[in-house]
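Here is what TrEMBL says about this protein:
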COMPBIAS  10-25  compositional bias 'Low complexity'
REGION    1-36  region 'Disordered'
TRANSMEM  42-63  transmembrane segment
TRANSMEM  135-156  transmembrane segment
TRANSMEM  165-181  transmembrane segment
TRANSMEM  187-204  transmembrane segment
TRANSMEM  213-229  transmembrane segment
TRANSMEM  235-251  transmembrane segment
TRANSMEM  263-283  transmembrane segment
TRANSMEM  335-352  transmembrane segment
TRANSMEM  359-378  transmembrane segment
TRANSMEM  398-426  transmembrane segment
TRANSMEM  438-456  transmembrane segment
Amino acid sequence: MTTSSTVPHAAEAGGPDEAAERPPATESTPAGKGPRWTGRRIDMLVTLFYLLGAFWVTIRAWIDPWGRVLGEQAKDQAFNEWMFSYDAHVVRNLDNPFFTTLQNAPDGVNLMGNVAMQLPGILLSPLTMVAGPEVTYLALMTANLFFTALTWYWLLSRHLVKHRFGAFAGALVIGFGPAIISHSNGHPHITSMWLIPFILWRVIRLGEPGRTVRNGLILGALVLAQLFIGEENLFLTAVACVFLVIGYAISDWRDTRARFGRAVGSLAIGGGLVLLAAAYPLYHQFAGPQHYSGHPGDQKPATILSYFAYATESIGGGKNSAAGLAPNFTEEVTFFGWPLMLIAVAGIVWLRREPIVRVVAAVGIGASVLSLGPVLHLHNQRNLKIPGPFALFEHLPVVNAMVVARFNIITTVAMGVLLAVIVARVAERARPAETSGLPVRFLSLTVLAAALIPIMPTPLSGHDRPGVPEFVTAGTWRDYVAEGRTVVPVPVNGLTSIRYGSAADVGFAVPSGYFLGPTSPDDNTGRWGAPPRPTWQLLETIQKSKAGDDPIVIGDAERAAAIEDLRYWKADAVVLPTDNGTDVKLLLALESLLGPGTRVADVWLWDVRPITNN
């Protein structure tokens, strides 16, 4: 069956349930029960392949989930593990899932503005309570790869191309391509793309006669769920839908006009549902405590040459393959390699008369151009000084917080859909051609393998995680810290704070943290972490000091500042770990500031309740 119609036309042929029950007509199998059994067997093999692939990528952390971190972003993983601990705390204590003072005490963190992933975190809270946030994080990262590939396979094989092998190849690019693999280094909110196919399918079906209310309610429910999984993916999906609608309108204006009124009605219903249900959390995000505006980092645009290279974690790549071509290790979201790029260009030219190809090409090219940023770069060191279209939008709210290279996540999806269509069309034309003796399928598989194998992932790295003192993990801290009060780990930094808090099931508050927040009470420009307090800066300076540096004097002013800071943090205890050898400089500094400490388990402890509870 050659599907040359546009996707919305194809949607009118039957509902998703009907389509799911019918075996695709593209497999060459006998009539009767054969196709159903063959199709199901293929589905099972594809499912198993994706599952094994997901574990292949994450295996180095599964060796010891509690002792190793996955990939190269230990800070991002620590933040997510703290969030999963907090979600379990929310379930146990019915606490606020959108704001907390248990991190960055006493000011707190706006969780809606910090990719808190409340939906998966709360759903997985039983796993967190039983096995710990480390296992929850790793399980979600693994599941994201598996379910992202599987749900895109469903959409492609059941609705868009109805060719299982084409769908397998396309979903492989989407679920295991460089974009999602690079973000598997600490960004589960990006790799959680398993609801997006259902959202897109519902958008494609907007405007169907007699289903205005139904489509609106379903779309609204899906969008609402995605809001609490990852807003960034939701924003990217909205951008993709804009390109999709524009491309489809150009391709078939008559049908677009016919659907317009019903589609707007569905969008109004879905939008109303989302606003009604999400008004309070969205208020928290944009107007609540610790809200911020913009992003403190640079825009991180993609580079032109990166599309033709291979990513660090790809089979065809390596340690230096992406050097100078990507903003950083986690933003290697292009890197399709030149063979796949050639296939894509050739496929667009070959199938240019097919509406689905024109629409997908418009989406992919539009997103790629946006990802190049306000000024085009050939590579990181070569500014072409040519303005890009993104310059028109870079100062808009929400857009101004965007990491620009991530628009290529849309491009990755477009590439996967395009590849699925190309494979399906080649398969349809292969049998007649092979009657003349030309081995079309063999040659096609060879070309496909040459394009896909180099971009497939290698296992992500696994690294030993820093230890957390037994004083924290064994619960000894409970003898010294009241509910809602703060433990101050020394050195005071965001990573140490959230690791301690996560290990204690967020039973105590911590100063600092790893989050985005306002620069100051009077300036809501986004910044990383909390503004450092004087004692924090003093201890950091002492820790970094070297022999020969000018001596750092601790006098009455520093002691007074320490007391003020501890009262500000609402601290009950200050702890300095001894598990890897006590930092003598910090120990002497703390004794000068607070007097002699007490050795408790594997920490030096300063019980500061007498001076902070006054």
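Glycine too: its Cβ is placed from the backbone N, Cα and C atoms.
The recorded stretches the transmembrane segment (42-63) and the transmembrane segment (398-426) do not share 3+ CB pairs below 8 A when only pairs 6 or more apart in sequence are counted, and are therefore not in contact. Here the transmembrane segment (335-352) does not lie next to the transmembrane segment (235-251) in space: the count of CB pairs under 8 Å, restricted to residues six or more apart, is fewer than 3. Contact between the transmembrane segment (263-283) and the transmembrane segment (398-426) is absent: fewer than three CB pairs lie under 8 Å, with pairs separated by 6 or more positions in sequence. The highest tally of CB pairs under 8 A with the transmembrane segment (235-251), across 165-181, 187-204, 359-378, is held by 359-378. Segment contact holds for the transmembrane segment (165-181) and the transmembrane segment (438-456), given three or more CB pairs below 8 angstroms at sequence separation of 6 or more.
Outside the transmembrane segment (187-204) by six or more residues, the chain places 7-8, 11, 16, 73, 76, 80, 115, 117, 120, 137, 140-141, 144-145, 147-148, 150-152, 154-155, 159, 174-175, 180, 215, 218-219, 222-223, 225-226, 229-233, 237, 240-241, 244, 330, 406, 409, 413 with a CB less than 8 A from a CB of the stretch. Residues 6-7, 239-240, 243-244, 246-248, 250-251, 299, 301-305, 307, 333-334, 344, 348, 384-391, 393-394, 404-411, 413-415, 417-418, 421 of the same chain sit 6 or more residues outside the transmembrane segment (359-378) yet have a Cβ under 8 Å from a Cβ within it.
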